[in-house]
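> TrEMBL feature annotations, pasted as is:
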ACT_SITE  H222  active site, tele-hemiaminal-histidine intermediate
BINDING   G57, S58, G59, H60, K110, D115  substrate binding site
DOMAIN    10-337  domain 'DhaK'
DOMAIN    374-573  domain 'DhaL'
Amino acid sequence: MQGSKKLVNTILGCADDALAGTVACNPHLQMLHGHRVALRADLENLRGKVALISGGGSGHEPAHAGYIGKGMLTGVVAGPVFTSPAVGSILAAIRAVRQAGAVGTLLIVKNYTGDRLNFGLALEQARAEGASVEMVVIGDDCAFTKQKKAGRRGLCGTVLIHKVAGALSEAGCGLSAIARKVTAVAHSMGTLGVSLTPCSVPGSRPTFQLADDELELGLGIHGEAGVRRMKITSADQVVKIMLDHMTSHSNASRVRLRSGASVVLMVNNLGGLSYLELSVVAGSAVRCLENRGIHIARVFVGSFMTALEMAGVSLTLLLVDDELLTLIDSDTAAVAWSQPAKVHVSGQKRVRESVAPKEEEEEESFPFRAPATPYMRAVLEKVCNTLLNLQEELNDLDRAAGDGDCGSTHARAARAIQEWVESKPLPLYPSQLLSALAKLLLEKMGGSSGALYGLFLTAAAQPLRTDDELATWSAAVDAGIDAMMRYGGAAPGDRTMLDSLCAAAEQLRALKNPQTNPLKVLTKAVEEAEAAAESTKHMEAAAGRASYIGSSRLNRPDPGAVAAAAILRAVMEGLQVKTI
């Protein structure tokens, strides 16, 4: 049952446990006995100020308890998952802050029927007891292009209202003034969400279904259906669609953006989106807004108001001036509030120029015999084609160790080499060529494979600086292997590419004999490398990621060893092409 698994103690008690856990980890919070209510532990500091109480259903963590603290909320009232809190608990929270000396209480409520009803009823009961209480209902949803009778749903923008209201309360503003100010701020704000997956309430099935290639635009934070279902596309395109929808003149709930406007941008993880994806989306949003002439004053990126495990993101835009920005920048002790640098995002220099590499050595530094470029080009072409053809086989071999990307990594290297070969002349001398290849693979190949090949080629280039005799090529291979063993920590017999390379190196040492036949030696070296690669299926991995996998699962050859042997064969075949 997709999405049904939850790490909780009990279904019925999960909301209580979640709030208690937040309080247990934060010494500045306290639970109100007998209620699902969390309050500031320093309520005595509230005397003479307006108290701020918010809340709603659980499942939106860190909202709402994460925003309790000086400079934000005084307390929150939590309901069961996705369910409005009880009237009695809301009333108990109002009584607690009133007893602590608050001069009034503002209830900040997201626009959902249950929340409006329960908080509204608690407000009326509190007023009947003589309390000074007001309520603001926040609706920042930009999904529906036509006004609904129920109004706009309350989404992540509500967190910005918590921040503004908290700053005003700390400054000593009165209850009515705070209510008027945050109501005006809410009208300058909009939020839109998009999701790749549904969420599921503990003990229940997912709230809706999405095909693998679909996403939902404009959904609510309880899994309510959105306004458009579309095929998944790039992050840049999704962000453009979101911002177009949020600002379209045909949208009655739009954010009224004009070129030159200054905004606060909030990029909110709806629960299950990876931080890698969140950063991609945030970058796309910044670029898209700036391309439209919008000035971005601040960006908040993180999980602010979630929908359980929903893999999705919402964008909130708030039009700001200097006064409002000062309120947003004001200090708070709330643990879940992100504190970005208090400087404008737009207009900053984002790229520092890298240090240019030293110029390659002049050809005069290599006074020995003719350069080997014609041979090297044929060899590189053969190696690249071999690795591209082996991509799926190497990935399949690598899946036994967990990640299955060995073939993709080698194919990435092959494509980088092909592009390099096509774009510029090859370095003339072997030492230069190996050094250039090392830099290319370190930059483009990635992973431990890129580092290992880079080490090998960098070290192998050094002996070839003085000459490129056959004996020196053998010494170069030995130097490369030594560097890999010294820094990589593996040795022959550990089930790595070293098994193939060391088997070949042993045969290549015959090149030190001037009477030997180089092609026969190379052929023997390739055969031994391939035999060593095949033998790795009987070895226990002692190095690399595979060393964490039980040997019973590693019953096929090591992909790195197979790749190394294949490269050696491609080198041999490339040389044969040039000598025919």
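Glycine residues also receive a Cβ, built from the backbone N, Cα and C atoms like all the rest.
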> Which residues, sitting 6 or more apart from S58 (substrate binding site) on the same chain, put a CB under 8 Å from its CB?
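Counting only residues 6 or more apart in sequence, the Cβ neighbours of S58 (substrate binding site) under 8 Å are C14, A15, A18, L19, A78, G79, P80, V81, F82, T83.
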> If you count other Cβ atoms within 10 Å of each one's Cβ, which of the recorded positions H60, H222 has the most?
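That would be H60, with the most Cβ atoms nearby.
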> Roughly how wide, in whole Å, is the group G57, S58, G59, H60, K110, D115 that binds substrate, by largest Cα to Cα distance?
15
> Check the Cα distances from the residue listed as 'active site, tele-hemiaminal-histidine intermediate' to each of the binding-site residues G57, G59, D115 and keep only the ones within 10 Å.
G57, G59
> At a 10 Å cut-off from the C-beta of D115 (substrate binding site), count the other C-beta atoms across all protein chains.
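25, counting other Cβ atoms within 10 Å of D115 (substrate binding site).
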> Output, ordered by sequence, the same-chain residues six or more apart from K110 (substrate binding site) with a CB under 8 Å from its CB, or 'none'.
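In sequence order, G56, V137, I138, G139, R153, G154, L155, T158 meet the Cβ cut-off.
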> Using a Cβ-Cβ cut-off under 8 angstroms and a sequence gap of six or more, which residues of the chain neighbour G57 (substrate binding site)?
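For G57 (substrate binding site), the qualifying residues are A78, G79, P80, V81, F82, T83, S84, P85, H222.
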> Between 0 and 100, where does the mean pLDDT of the domain 'DhaK' (10-337) sit?
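The predicted confidence over the domain 'DhaK' (10-337), as a mean pLDDT, is 96.
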> Identify all same-chain residues not among G57, S58, G59, H60, K110, D115 whose C-beta atom falls within 8 angstroms of the centroid of the substrate site's C-beta atoms; report them in sequence order.
G55, G56, A63, H64, A78, G79, V81, F82, T83, S84, I221, H222
> Give me the long-range Cβ neighbours of G59 (substrate binding site): same chain, 6+ apart, Cβ under 8 Å, in sequence order.
A15, V81, F82, C199, V201, H222, T306, A307, L308
